[in-house]
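Asks: Got these off TrEMBL a minute ago, pasting:
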DISULFID  7-38  disulfide bond
DISULFID  17-28  disulfide bond
DISULFID  39-49  disulfide bond
């Protein structure tokens, strides 16, 4: 059985936020930032992140915001 995608919940949170906010990205920056951080950490495992170019994970950017 494959492991669950570690960033899928965050991608779904973006879609939910966008649909609740008339697709205004400026209202969903926290969710977008969370997905970007997740992709930096799990880009090799996450299908959600497959189209993103990973940036280096640093101590500063490895924490996902609550």
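From the backbone N, Cα and C atoms, a Cβ is placed for every residue, glycine too.
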Asks: Out of 17, 28, 49, the disulfide-bonded residues in the record, which is closest to residue 38 (disulfide bond) when you go by Cα distance?
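Replies: If we rank 17, 28, 49 by Cα distance to residue 38 (disulfide bond), first place goes to 49.
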Asks: If you measure residue 7 (disulfide bond) to residue 17 (disulfide bond) at Cα, how many Å is it?
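Replies: Here the two Cα atoms are 16 Å apart.
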